[in-house]
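Q: Take a look at what TrEMBL says about it:
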- 24-400: domain 'Major facilitator superfamily (MFS) profile' (DOMAIN)
- 25-46: transmembrane segment (TRANSMEM)
- 66-83: transmembrane segment (TRANSMEM)
- 90-113: transmembrane segment (TRANSMEM)
- 119-137: transmembrane segment (TRANSMEM)
- 149-170: transmembrane segment (TRANSMEM)
- 176-198: transmembrane segment (TRANSMEM)
- 219-239: transmembrane segment (TRANSMEM)
- 259-279: transmembrane segment (TRANSMEM)
- 286-305: transmembrane segment (TRANSMEM)
- 311-329: transmembrane segment (TRANSMEM)
- 350-372: transmembrane segment (TRANSMEM)
- 378-397: transmembrane segment (TRANSMEM)
Amino acid sequence: MSNPALRQRLADQPTYANRVRRWRVVVMAISAFIFNTTEFVPIALLTDIGASFAMPVESVGHMITVYAWLVAVLSLPGMLLTARFERKRLLMWLFALFIAGHVISVLASSFAMLLVGRATIALAHAVFWSITASLVVRVAPRGWQTKALGLLSMGSALATVLGLPLGRLIGQWLGWRATFGTIGVAALIAMGLVAWLLPQVPSRNVGSVASLPQIARNVPLLVVYALTVLAVTAHFTAYSYVEPFILQINHLSENFATVVLLLFGVAGLLASAVFGQVYDKRPTGFVLVSLLGLLVSLLVVAWIGASQVGWMVLALVWGGCMTAIGLALQLQVLKLAPNATDVAMSIFSGIYNIGIGGGALVGSLVIAAWGLGMVGNVGALILLLALAVFGWSVWYGRRA
């Protein structure tokens, strides 16, 4: 081959292909950020949404429950029903449904219509998370599989670090409808990037219900699921109402509430960064310390008062401990179900969302019965059950 320019172009082809594949991973991480942001952003907007529809925050909190429980119910069926669909086309339809849900939310003239919009988004969310992990691995460059999953997790984590506080800022400046509208526009841009960068991705490794009996007999895995639903319910019993708690109980500013939510996300990133270095050395001690840290955080909520420094420290400890618990439980699911990973993770996702919705519902009932100031204490009581399950699991593991 005598043409140097042609030789150079041919030599650069693999590099160019890898760059495109890396951008595909980035686009998937951005998509994860958008999908997770919309799930959690109502936590930062409860007061404003309640004011729009003349509703108390405990009633508005039901939208968190409806969303999370729909995702929980649809995660496993969504994975199984769409298992044979070509992945790029499926992803495009999911984005279209996701955007339509945000249009309904922006135009909602009643809380019932807002719930319809949120339910539409939840349908897309459930299937999105059923296919995303395997899809990002397939579109990543060779040797980038672990990094691709890490970037996907980072995009998901950034939803609380950037998405939630940014959503709150937009809501403060322009109203909560503008927050949902912005997420819809961001999804439209991501949809265009997916259409441009992703290739056709045929379905592989079709899921099956055949592995469900095996999972049902896996006692350690069932314990992890039980611990998950209890810990997540305890967390969201209080966390779902952090924003109105800071504003109505502690009488701190809206800007400070945004700072606290941002610190929750920062703590999650820090916990993610140190998780791999610490967990493998002492997994049992790691989970125990994280559960105890979460317990203390929930108990402190009612007593911290209007101390801004106290709230900032609390957000870092609380957010870090909850992230650590979630990462540890997710890793245990992968270890305990190596031959049924997709199904086991779909169940885990569903159970996690049961905890989110359950926590928001319990919190709303607590507020109606005893007031906003009691959400942390009730969350702590639920977490004591999680600690009991964890203690039993340690005993069972040593006995086995």
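Using the three backbone atoms N, Cα and C, a Cβ is placed for every residue, glycine included.
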Q: Out of 90-113, 119-137, 149-170, 219-239, 286-305, which stretch has the largest tally of CB pairs under 8 angstroms to the transmembrane segment (350-372)?
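A: Between the candidates 90-113, 119-137, 149-170, 219-239, 286-305, the best contact partner of the transmembrane segment (350-372) is 219-239.
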Q: For the transmembrane segment (25-46), find every same-chain residue at least 6 residues outside the stretch whose CB is under 8 Å from a CB in it, and list them.
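A: Those are 57, 60-61, 63-64, 67-68, 71, 91, 95, 98, 102, 118, 121, 124-125, 128-129, 132, 135-136, 139-141, 144, 147-148, 151-152, 154-156, 158-160, 162-165, 167-168, 171, 176, 179-180, 183, 186-187, 190, 193-194, 197-198, 239-244, 257-258, 261, 356, in sequence order.
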Q: Ranking 90-113, 119-137, 219-239, 378-397 by Cβ pairs under 8 Å to the transmembrane segment (311-329), which is first?
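A: Of the candidates 90-113, 119-137, 219-239, 378-397, 219-239 scores highest.
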Q: What average pLDDT is reported by the model for the domain 'Major facilitator superfamily (MFS) profile' (24-400)?
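A: Mean pLDDT for the domain 'Major facilitator superfamily (MFS) profile' (24-400): 88.
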Q: Please report, as numbers and ranges, the same-chain residues at least 6 past the borders of the transmembrane segment (66-83) whose CB is under 8 Å from any CB of it.
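A: Residues 39, 42, 90, 115, 118-119, 121-123, 125-127, 129-131, 203, 206-209, 342-343, 346-347, 349-358, 360.
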Q: Taking the transmembrane segment (219-239) as the first stretch and the transmembrane segment (286-305) as the second, find out whether 3 or more Cβ pairs fall under 8 Å, excluding pairs closer than 6 in sequence.
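A: Counting Cβ pairs under 8 Å, at least 3, so yes.
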